[in-house]
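Encoded as C-alpha cells, the structure appears first; notes follow it.
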Amino acid sequence: MNFEKSKYKLDFVKHRKKFFIFSAAFIAAGIVLLSTLGLNLGIDFESGTTVEILAEEEVTAGEIEEEFSEIGYEPDDVVLAGDNNDIARASFIGGLSQEESLEIQSHFEEMYGSTPNVSTITPIVGEELAQNAIISVLIASVGIIIYVTIRFELLYGISAIVALFHDALFILIVFSILQLEINIPFIAAVLTIIGYSINDTIVTFDRIRENMKREETVETFEDISRIVNKSLIQTLARSINTVLTVVFAAGALLVLGGEGLRVFSLALVVGLVAGTYSSLFIAAQLWAVLKSKQMHRRRLRLEKKEEEEIEKA
Amino acid sequence: MASNLMDNVEDVSLGLDLQGGFEVLYEVQPLEEEGDTEINRELLTDTVSALNARIDVLGVSEPNISIEGDDRIRVQLAGVEDQEQARELLSTQARLEFRDVNDELMMDGSDLVEGGARQNFHGETNEPIVSVTVDDGSLFEEITRDISSRPPEERQLVIWLDYEEGDSFEEEIMKEDSKIVSAPRVDEIIPSRDVMISGNFTVESAQDLAGILNAGALPVELEELSLNSVGAQLGEQSMDLAVNAGFVGIALIFAYMLFYYRFMGAIAVLTLSAYIYLVLVIFNWLNAVLTLPGIAALILGVGMAVDANIITFERIKDELRSGKTVMSAFKAGGRRSLSTIMDANITTILAASVLFYFGTSAVQGFAVMLIVSILTSFLTAVFGARLLLGLWVNSRILNKKNRLFGVKESEINEL
C-alpha cells in the first residue's frame, strides 16, 4: 500500500459533511435507542445472582431448570454457552442469600464434579462502578485536553475529545442495538478504546502539526484542507496497519478467548473500528473546520484593528 | 530464553478467575447489641486482622484483603478448594455463647481463656470434639448446678455460634444448618474449667472451629454485598482459551509484520518477543495477579507496541521513498517518529492512570497492566528496535537494499 497523492486523489476533507451527518445521525438514532430500548445491564448493575454451571456434556436450558426446581429454585433466566452448550448460566433477579447459593453450588458440584461460579451483586456496587467510570472518563478528558493544549493547541484537544466521545457512544449504541450484556469488563473495554482512540488521533494530529509548520502561508480553508488531506494520506498506511494488528489481537480474543472475554473483546473490536473511522473521517475534519473559523475570526479582528488605527491617524 | 520464559509464566500468580477461588465484598455493620458503635478506620483494620487470622486457619497461601471506602472490606481468596467452608468461616462472627433452653445467656466468649480452644477427642466415644477452658473455675460449676436443678426437659446447655436477637432454641434446633453447635444434657454438677463441646464434628471441622475461636470474634457484623466465585475447572478452561487466543493473535501480528515490513518486520518480531518476556518478568516482580482483563490488556499491549514500530517503520519508508540513503532515512525516520510516539503514549498513560485511581479491583488490574505494557513497549519498540536496526544499518550491509524495507525502486523519487 502506497498512498502517494500523485496516484490517488483521496479527498478526506471535501466529503466531511457526509461523515459528520452520518455520525450525527447514527448517534441521534442511538440516543433514541438508548433512551427507549436502553442497555441490557448485566448482573454487575442489577441486584441479582448468576450461577454459571459447567456441565460434563451438552445440556439444555430445560434440563438445568428442572435440576433447579428439584432443589426448590426457579431461575429467572437460563442461557446456554460454551462451544458444545456445556455451560449454563442461570440468573436470579433479586439475588440469593449465602446459604442459598452454597446449596446450589454443592448440588451442581455433586452432579457434574465442577463447582459452579456464583456472582451476587447488589445494585449499589454496580451503580458506583458506572458512576466511577463516567467520572474517570470526564477527568481523563480534562487531563487530555490540558496535555494536548500544552503540546499542541486547544483546538486539537477539543477535536480529539469529540472523537473520543464519538467512539465511546458508538460502542454503547451498538451494544444497545444488539442488547448485549453490559458488565464490568465492558467498562474496561470502553476505557481502553478511549485510550486507543486518543492515541490514534494524536498520531494524525502530530503529522498535521508538522505539515502546518512546513507551509509558509496558511490562510484559506483550502490551504487547511490540503494540509489535512496530505497528513491523512501520509499516515494512512500506519493507521490501517496499526488497527489491523490490534484487531488481530482483539479478534483472536473474540473468536477463541472463551465466554469470559466475549463481551470485552467484542466491545474492543467495535470500538477499534469506530476509533479508526473517527480519526480518519471526523477528528481531523472537525479540526479543519474549527481552525478555519478561528483564523477567520483572527483576520476580522486584525482588520478591525487596522481600521481603527487608520481612523485614529 | 524460552525455558526462562516458561519459568516466568509459571511464576505469575493467577487471579481467581483463572485458578478458581472467590471474592467477596463485605459491608461492615456494627454488632447488633452495641447498636450505635461507629464504623471507623480502627475498627476496619481490627476486622481485617481478625479476617487474616481466620484465613490462616484455612491455610490459604495468598489472601488479599483490602479496605474499600468507609465501610467495606474486599476479600479475595484464590485457589480455595472448599469455598463453602471458607465463606462460612469468614463471615461467622465466632461469638460462642452458652444459653439455656429459654435462650437466657449463661456464659459467652469473654468468659473463656483466650486462645484456649483445642481440637480433642472424646474420652469414651473417641469422637472429635472441641475443648475450651473457662476463665473462672467456679463459673461453669455454677451454671451446671443451675441447669441440673431444673426440670428434666430443661436440662440442656445450648452452645450457640453467632446467636442473634430473635433466634430461639426451639426453632433453631430443628434447622439442618443450625447455629447451635451442640446442646448437651446436663444432669449433674460439673466441677471443671474444661468444657467439652461435642457436635457432629469431623476432625477437620473441629479443628476449624477451634481455630476460629482462637482467632477471636469479629468486632463487627459482615454482610455480603457482592460475591464472585469461580470453580477451579471453569477458571482453568478460561485460562486455556485466553492463552490460546493470545498465541494466535500474536502469531497473526508477527506474520503480518514480516509480510509487510520485511526486514524491519523481523526486527519487530524480535523486539515484540522481548516485550512479552519483559512484561511477564515485570509482572512477577510487581507480584501482580494475572486476571482475564489482565491477559486482555497484555495482548492489547502487544498491539500498542506494534504501533510504535509501525510509526517508526512508516517514517523510514517515507524517507527512503523521498530518495534518501538507508542510513540517513533510518536517522531521520527515527528522530521524527519519536515525538509522535511520546505524545500518543503519554496520553494513553494519562487515561490509564485515571482508570487506576478511580477504578475498582478488576479495572485497576487492567490499568496497571496497560501502564506496564506502555512503558515496556517504549523500551523495546523504541530503544530496542532502534538499537538492533541501527547495528544493521551501520554495518552498511543494507545499503541500497530498499526492497528489504518493503519499498519498491519505482516508488522512489529522485532527489
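Keep in mind that glycine also has a Cβ here, set from the backbone N, Cα and C atoms.
Annotated transmembrane segment per TrEMBL: A:20-43 (among others), in sequence order.
Taken from TrEMBL, the feature domain 'Protein export membrane protein SecD/SecF C-terminal' covers A:114-292.
Under the heading transmembrane segment, TrEMBL lists A:129-148 (among others).
What TrEMBL records for A:155-178 (among others) is transmembrane segment.
Taken from TrEMBL, the feature transmembrane segment applies to A:184-205 (among others). For the transmembrane segment (A:184-205), the residues of the chain that approach it from at least six positions outside its boundaries are 42, 44, 129-130, 133, 136-137, 140, 144, 148, 152, 156, 159-160, 163-164, 167-168, 171-172, 175, 231-232, 235, 238-239, 242-243, 246, 260-261, 263-265, 267-268, 271-272, 274-276, 278-280, 283-284, 287, judged by C-beta separation under 8 angstroms.
Beyond the transmembrane segment (A:236-257), the same-chain residues lying 6 or more positions past its ends with a Cβ under 8 Å from any Cβ of the stretch are 1-3, 10, 196, 200, 203-204, 264-266, 268-269, 272-273, 275-276, 279-280. The annotation transmembrane segment is assigned in TrEMBL to A:236-257 (among others).
Among the features that TrEMBL reports, transmembrane segment is placed at A:263-290 (among others). Within its own chain, the transmembrane segment (A:263-290) has Cβ neighbours under 8 Å at 12-13, 16, 19-20, 23, 155-156, 158-160, 162-163, 166-168, 170-171, 174-175, 180-183, 185-186, 188-190, 192-193, 196-197, 200-201, 203-205, 208, 221, 224-225, 228, 231-232, 236, 239-240, 243, 246-247, 250-251, 253-254, 257, counting only residues six or more beyond its boundaries.
Distant neighbours of the transmembrane segment (A:20-43): 49-50, 91, 119, 121, 126, 166, 169-170, 172-173, 175-177, 179-183, 186, 278, 282, 285-286; these residues of the same chain sit at least 6 beyond its ends, with a Cβ under 8 Å from one of its Cβ atoms.
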